[in-house]
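*Asks:* Sharing a structure below in structure tokens format, with a few things to ask.
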Amino acid sequence: MPNAIHALVTESRNPFSTHIDQLSTLDMLAVINQEDQKVPFAIENVLPEIAQAVDAIAETFMKNGRLIYLGAGTSGRLGILDASECPPTFGTPHEQVVGLIAGGQQAILKAVENAEDDRSAGEQDLRNLALNEKDVVVGIAASGRTPYVLAGIEYANHVGCVTVGISCNPDSALAALANIAITPIVGPEVITGSSRMKAGTAQKLILNMLTTGAMIKTGKVFGNLMVDVVATNEKLVERQKNIVMEVTQCDRQQAEQALLQSNGQCKVAIVMLLLNMSAEEAKNCLAQANGFIHQALTLVK
């Protein structure tokens, strides 16, 4: 590895928290809060690289490829969290965004010893998904040196995937391997080496951007409304109705009727009402427009 562990920024001591164990609760939290405020600025510095990754992911989605997150510990759990939120939020198939964690399913709730050091598992987990060149693989490792992640990225490169590396240390092995390196430098953690803190926060914000940006670019959002939301609970049933009413300026009864006729598909209900057509006609119109409402409306006009 190009960086010895002790030399990593994420492993260094934070001079602003050296006496945190002697502070009052309020002062302790003030230190943590002050350090957390550095995270968005670190991300601002890497927005061009995040944009590159978003464009690559959007392109792969349009070709029916997948986004696959690969991480260990906190990094792996964050990938799984982001992946699990995509189907209800954007109506995507569960296999479109996948999160892999070193140590497998059991590692989600409980740390698995030495799992992150298992290079062979990084490659094997991707093989088990039948990885192909249409997929984008995002390796997440605060240190930038996690063997499980590095091996996975090496294999993904071999397959011909676009690879992205998210780390919080400069000049990391992960950044060197990935096609697109996203490296927000958030500085030393409040508790030395606890990368679940600022580094984890930075990773979460970046993953939010990757999936949200790609979903916007593939027609899953109209204005700033999640028009492919799946109504899996009462709150989301109401959200669907509110979205349809907001876009079409119809009343609640019309929204409910359109959603019923469209089998709970917001997009279809919206196009039905705006263009005064049947559910089947609206579906066909959206299919011709690759799922983009703006384009569907233009097609008919």
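Using the three backbone atoms N, Cα and C, a Cβ is placed for every residue, glycine included.
Worth saying up front: this structure is predicted, and the values here are computed from it rather than measured.
Annotation comment: Swiss-Prot describes 57-220 as domain 'SIS', evidence class sequence analysis. As annotated by Swiss-Prot, active site, proton donor applies to GLU85, with the evidence given as sequence analysis. Here Swiss-Prot flags GLU116 as active site.
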*Asks:* Counting Cβ atoms within 10 Å of each candidate's own Cβ, which of the active-site residues GLU85, GLU116 comes out highest?
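*Replies:* Per the Cβ count, the most surrounded site is GLU116.
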*Asks:* What mean pLDDT does the predicted model reach across the domain 'SIS' (57-220)?
*Replies:* 96
*Asks:* Sort the residue listed as 'active site, proton donor' into helix, strand or coil using the DSSP assignment.
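*Replies:* The residue listed as 'active site, proton donor' sits in a helix per DSSP.
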*Asks:* Could you state the CA-to-CA distance between GLU116 (active site) and GLU85 (active site, proton donor) to the nearest Å?
*Replies:* 24
